[in-house]
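These features come from TrEMBL:
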DOMAIN    48-144  domain 'Peptidase M17 leucyl aminopeptidase N-terminal'
DOMAIN    185-489  domain 'Cytosol aminopeptidase'
BINDING   Lys264, Asp269, Asp287, Glu348  Mn(2+) 2 binding site
BINDING   Asp269, Asp346, Glu348  Mn(2+) 1 binding site
ACT_SITE  Lys276  active site
ACT_SITE  Arg350  active site
Amino acid sequence: MPAPTLPSLTAAKAAPSRTDVLVVGVSGTSEAPVPVGFPATVTKTIEKGLGVSPAELLRTSGAGSAVGTTTVLVPGKGLRLIAVGVGEEEPTPARLRKAAGSALRAVAGLGDNGLSVAVSLSSTEPETAQAVAEGALLGSYRYQPISATTAPHPVATISVVTEGKREADQAVACGVSVATAVAQAREWINLPPNLLYPETFADAAKEHVRDTRISVEVLDEKALAKAGYGGILAVGGGSSRLPRLVRYSYSPRGAKAHIALVGKGITFDSGGLNLKPGEGMYTMKCDMSGAAAVLAATRAIAELGLRVKVTAYASMAENIPSDTSYRPSDVLTMYGGTTVENGNCDAEGRLVMADALARATEDSPDLLVDVATLTGACMIALGSDIAGVMGNDDDVVDQVLAASESAGEPMWPLPIPEGAASELKSSVADLKSTGPRMGGALWAAAFLQEFVAEVPWAHLDIAGPAYRESKVDGHLGVGGTGAAVSTLVALAQSYAS
Ligand code: BES
Ligand code: MN
Ligand code: ZN
């Protein structure tokens, strides 16, 4: 499983002379458009060649300033000019990320290959420069169809114009690490479940950190049984492709904190014996998005050399019905000894997460963050674009929300009601895995809370934003999005200094 190919991206003082496509910005209104990032040389060429000012060219081209709207200002075979809307007002990092993503999609739509693109959006502050770099790379990411014919690469190189400001150049490099990690998560999510299953996912996870300072340990089904991972084994037991637990450890000198991460890695969720209907099952290769996020983010954190210790767990299993499947009403003994009555085989995520959370608390981290495509109920609550954040510690939840804000990933807090555990009573075990149907995201979180002991913990339910069935949106394409990767890196950054 090779890593996805992205264009190479660097910071540049000005648009390089061999540029094929120059992306500039437009803000203001359609009556009074305001040019953003037009280099003086380009302004001169426009004024000489076309006899108009950039603002006039934008107005007559009808270039819209709505974020991500693209207009080809100068077509042809020479230097092509594309304007992208960055919003009427002062552009924020989130708007610039989206705009740069849309612009690179428009470049790919030109029909040429191997283009050199310069993106000039007045992004000379570190935050905006990083956002432009991320957006440009992620707007260029494509999942390559599995086919005998190889797909072309429209964009070869991208220069982000920063006017040579040192902090901005460093931020661009950081953006490259983050976007590369997001693209890797997307790639794992997009791979079909007949190719990416627990064993191959674990192999890919090993390969992913071969050239890094991250050490990796993989527990196979025998090791899982020996250590008592009853949740992962039950969920994964219906498939001939047996489960795995991957553990990454990044332990730099001078670490300021220890963060533990846990990700849900169901490589395909059929619902098990509580089989999903066909429509609901089709996208369930995305059910390993949490695992993809924690693995990819850990690599980016190490690559950036952040002074924070990270221990990441990815629980990998395939949820499939067969005569070896676990059943509704089975009682499972989880890692650490808690017993659980299984309420529904389609509520498999919380079982594989509970085992890994219980294991992660043994490392005594300063905080614990888990990421999972856990509940359809979270999508009912917050829609398809916003992740739910729950936890046992308001500070950790606030820190995650702050990180998501700077990463440009929409997230929103949901409560775990006082006494929620009483909804999970069982007459045959310590706990039941499922609670009432209404508020399903909260009971799932309340279940997980039973396994984190006193460790400050936040839970990210990314069932909505992990996967897009249709409609591209700036840096977000159709398919896996890599949701939570940038938030986790930003969170680690907030603990590293
Ligand atoms: N993987 C699903 C949740 C999901 C749904 C993710 C849609 C992404 C898109 C999860 O395992 C699941 O099936 N949850 C059930 C739980 C229920 C049986 C208590 C759900 O949400 O319906
Ligand atoms: Mn399920
Ligand atoms: Zn699931």
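From the backbone N, Cα and C atoms, a Cβ is placed for every residue, glycine too.
Any TrEMBL annotation is an automated prediction that lacks curation.
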TODO: Work out how many Å separate Asp346 (Mn(2+) 1 binding site) and Lys264 (Mn(2+) 2 binding site) at their Cα atoms, rounded off.
DONE: 14
Task: Cβ-centroid neighbourhood (8 Å) of the Mn(2+) 1 site, Asp269, Asp346, Glu348 excluded - done: Val235, Ile266, Ser270, Gly271, Gly272, Asn274, Lys276, Met284, Asp287, Asn319, Cys345, Ala347, Gly349
Open item on the list: Through the lens of DSSP with three states only, how would you label Asp269 (Mn(2+) 2 binding site)?
Closed with: strand
Open item on the list: Using other CB atoms within 10 angstroms as the count, which residue among the binding-site residues Asp269, Asp287, Asp346, Glu348 scores least?
Closed with: Asp346
Open item on the list: For a Cβ distance below 6 Å to any atom of ligand 3, name the recorded positions from Lys264, Asp269, Asp287, Asp346, Arg350 that qualify, or say none.
Closed with: Asp269, Asp287
Open item on the list: On a simple 10 Å Cβ count over all chains shown, which one of the recorded positions Lys264, Lys276, Arg350 is most densely packed?
Closed with: Lys264
TODO: Return the members of Lys264, Asp269, Asp346, Glu348, Arg350 (the recorded positions) with CB less than 6 angstroms from at least one atom of ligand 2, or none.
DONE: Asp269, Asp346, Glu348
Task: recorded positions close to ligand 1 - of Lys264, Asp269, Lys276, Asp287, Asp346, only those whose C-beta is under 6 Å away - done: Asp269, Asp287, Asp346
TODO: Starting from the Mn(2+) 2 site formed by Lys264, Asp269, Asp287, Glu348, give every other residue of that chain whose CB sits within 8 Å of the mean position of their CB atoms, in sequence order.
DONE: Val235, Gly265, Ile266, Met284, Met288, Ala317, Asn319, Gly349, Val352, Ala372, Thr373
- [ ] Could you check what DSSP calls Lys264 (Mn(2+) 2 binding site) once collapsed to helix, strand or coil?
- [x] strand
